[in-house]
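*Asks:* So TrEMBL has the following annotated:
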TRANSMEM  17-40  transmembrane segment
DOMAIN    32-281  domain 'G-protein coupled receptors family 1 profile'
TRANSMEM  52-70  transmembrane segment
TRANSMEM  90-111  transmembrane segment
TRANSMEM  131-155  transmembrane segment
TRANSMEM  184-207  transmembrane segment
TRANSMEM  228-251  transmembrane segment
TRANSMEM  263-283  transmembrane segment
Amino acid sequence: TYFTLQGFSHLTALQVFLFQGILLMFLITMTGNFLIIIAATADPALHTPMYYFLKNLAFIDICFTLNIVPRTLVDLWLERKVISFSACAIQLYVVISLITSECFLLGAMAYDRYVAVCHPLHYVMRMNRRVCFHMVVTCWISGIPLSVGFTGWLFSFPFCGSKEIEHFFCDITPVLDLACSDTYLFELLVFLATVGIVLIPFAFIAASYIQIIHTILQMPSAEGRRKAFFTCVAHLVVVALFYCTAGLVHLKPKSGSLASRRKLVALSYTVVTPMLNPIIYSLRNTEVKVALRKTLGR
């Protein structure tokens, strides 16, 4: 009826430091992403496809962070690391669904940048409101079938012996380690699904940016090349952060010796990346800065 999350029990001396650091990043994440959503909604100048996608990315980061970080903070502060069977299943469902949605949303954002740079005259027609809405809805619902299927299947396995999850939240691999039946087919299908979820959008993003770079290099004006590059650089940094953490963790073969490192890398994409996304998009973006000043001024 319950599991025990081991969390960062191997770092006993750093519990207070971890709590303070994660709490600070959690507050920055919530503030930054909510400000992005408010500014992009309130300022008509930001009612464009790029900021429409950015609002949805910010909302995914908020939901993903709220799903994991508050419980992690409670566990660190109170050392109460018990999670019920149903709560663990719900947490895993949300993790799978949101990671899938973010992968496809980053692909949609790459397509938006591709059309803006490579086909600027067709941008308004190709990226109209209806198309953007359908793309976002597809991204949001893309993870539902997989999350329902894999969560239901995983929690149908018998769990005998240890109930200690070697992680700070319910993820597929740590929970699967506790199952005491043949899980070969499940692991194979999870691996194939992960390859599809992670690598297909990544390949699409890479192909888009190859075309974007080719188009930018052919621009006669140095100022035009600079402007075109800076419209894409924030998205490229966010993609790199996401795939260097979440992608590597879920595509890495299972190994017990990597449990501690897996926690630290997972901490980066559950806490650090959602905090950095709004900072990256607003740091060198004059439009976002102006919109935030207007919004805060009101």
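Cβ atoms here come from the backbone N, Cα and C positions, even for glycine.
TrEMBL: automatically predicted annotations, no manual curation.
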*Asks:* Under 8 angstroms for C-beta pairs, at least 3 of them, ignoring pairs fewer than 6 apart in sequence. Is the transmembrane segment (184-207) in contact with the transmembrane segment (17-40) by that rule?
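*Replies:* Answer no: the transmembrane segment (184-207) and the transmembrane segment (17-40) share fewer than 3 Cβ pairs below 8 Å.
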*Asks:* Can you tell me which recorded stretch out of 17-40, 52-70, 90-111, 131-155 has the most Cβ pairs within less than 8 Å of the transmembrane segment (263-283)?
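*Replies:* Highest pair count goes to 17-40.
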